[in-house]
Amino acid sequence: MHETEIAAIEAREILDSRGRPTVEAEVILSCGAFGLAQVPSGASTGSFEAHELRDGDAQRYGGKGVLTAVTNIKDHIQPELVGLNALDQADIDQTMIDLDGSTNKSKLGANAILAVSLATAKAASEVLNLELYRYLGGPLANLLPVPLMNVINGGAHANNNVDIQEFMIVPHGADSFKEALRWGAEVFASLSQVLAAQNLLTGVGDEGGYAPNLASNQAALELLVEAIEKAGYQPGAQISLALDVAASEFYKDGQYTYDGAAHSPKELIDYLDGLASKYPIVSIEDPLHEEDWESWGNLTAQLGDRVQLVGDDLFVTNPIRLQKGIEQQSANSILIKLNQIGTLTETLETIDLAKRNSFTSIISHRSGETEDTTIADLAVATRAGQIKTGSLCRSERVAKYNRLLRIEDELGSQASYAGAVGLGPG
């Protein structure tokens with residue numbers, strides 16, 4: 001047996017950061033090297049995402065158990081992969097895709113397939129004695145991403161009256177990732193003081209951002225500008241803002257309901273254009289419904305030369321959806337979530353397609369996260385230049401930032417911060 005062959009695969013049901021079950025897999029090679037991976041789970045999910053398999057047994061975890069996915073790994077995936085070379089990631093992933101046989105990984109579960117896919121890459125990097133980012137990215141894996149830090153939550157991520165799902169700070173003006181992280185943490189602390197001074201709640205949402213009850217979406221933007229200035233930084237020049245509108249969540253029958261009233265797509269486009277003119281907004285994610293391709297094209301024509309327009313629910317990390325966006329000139333950026341497509345190989349192919357067509361890529365977490373830090377390595381490996389992994393609190397978020405600090409340290413003088421070399425947003 002060759003030392004890089006897969007000898008066994010373990011799997012178990014664990015908990016994510018919301019206390020809901022998710023899948024963990026361990027791929028063990030014949031030489032004893034192993035890789036461990038946990039998969040995340042989203043709250044606002046796009047309709048076209050790969051299928052997350054849940055048990056549906058109301059007696060366990062309200063039907064959200066993942067024992068079926070775990071069993072699929074042990075009984076179906078393991079027998080097919082044992083004996084295969086862990087260094088051939090594409091072969092491993094294709095074997096699982098073929099075994100599943102469905103268009104959206106609904107037979108075995110994208111959560112089962114992804115856990116094994118990521119654990120395989122980690123086992124392979126260990127047997128080669130390489131860090132994961134170096135194994136996946138080769139000698140050019142030295143670009144640290146600009147973080148888009150979600151510090152105020154609304155929409156589906158919080159129980160408040162703010163329509164926009166995420167308000168982010170983007171410290172692109174820093175010289176290093178370490179400095180960018182410090183800036184973000186200082187603004188987050190400053191925001192806490194600004195909220196407290198206005199008697200607003202400082203409890204946090206799923207991704208560690210504050211979820212105060214605010215009068216409007218503009219009120220959130222005003223708070224962020226104030227917090228940035230209070231921390232001693234310049235809004236726009238050093239730290240900009242980004243939004244995740246998650247517009248599919250407040251879309252019905254061709255209308256968008258926000259600020260207490262229904263609006264047409266054109267009105268929403270003009271509304272966002274107005275916000276981007278008034279505030280230092282460099283990136284807007286999911287500004288329109290995931291099937292409103294025409295409006296996406298109109299928005300991109302109107303705003304695309306000034307603002308990064310990011311497709312998340314629109315593209316769901318799917319190369320076929322992305323190709324349509326490229327052809328129709330809908331958006332100019334894609335959010336990358338491993339569990340939307342379900343294998344590492346397909347994720348890398350989607351990032352490559354984006355890059356070849358001058359779309360930016362943002363590597364992203366999900367609202368239900370784990371201590372797994374794969375996305376930090378993926379951001380560096382692919383030179384994406386941007387990462388979305390939540391706020392500056394909750395250890396499942398901070399784990400990714402801390403991993404990036406270690407990578408930057410390890411790279412030493414070779415490390416380059418995307419914001420400092422003009423490869424981030426802003």
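A Cβ is built for glycine as well, from the same backbone N, Cα and C atoms used for every other residue.
What Swiss-Prot records for the (2R)-2-phosphoglycerate site is K337, R366, S367, K388, and among Q165, Q193, Q198, Q218 the residue it adds there is Q165. Of the residues D244, D253, D352, Swiss-Prot places D244 in the same Mg(2+) site as E285, D312. Residues listed for (2R)-2-phosphoglycerate, Q165, K337, R366, S367, K388, cover a largest CA to CA span of 17 Å. For the pair E285 (Mg(2+) binding site) and K388 ((2R)-2-phosphoglycerate binding site), the Cα-Cα distance reads 11 Å.
Distances between the Cα of E207 (active site, proton donor) and those of the binding-site residues Q165, D244, D312, S367 are shortest for S367. Checking each of the recorded positions (D244, D312, K337) against Q165 ((2R)-2-phosphoglycerate binding site), the C-alpha distance stays within 10 Å for D244. For the recorded positions K337, R366, S367, K388, a Cα to Cα distance of within 10 angstroms from D312 (Mg(2+) binding site) holds for K337. Its Cβ taken as reference, R366 ((2R)-2-phosphoglycerate binding site) is surrounded by 26 other Cβ atoms within 10 Å in the chains shown. Of all the binding-site residues listed (Q165, S367), S367 has the fewest other CB atoms within 10 A of its CB.
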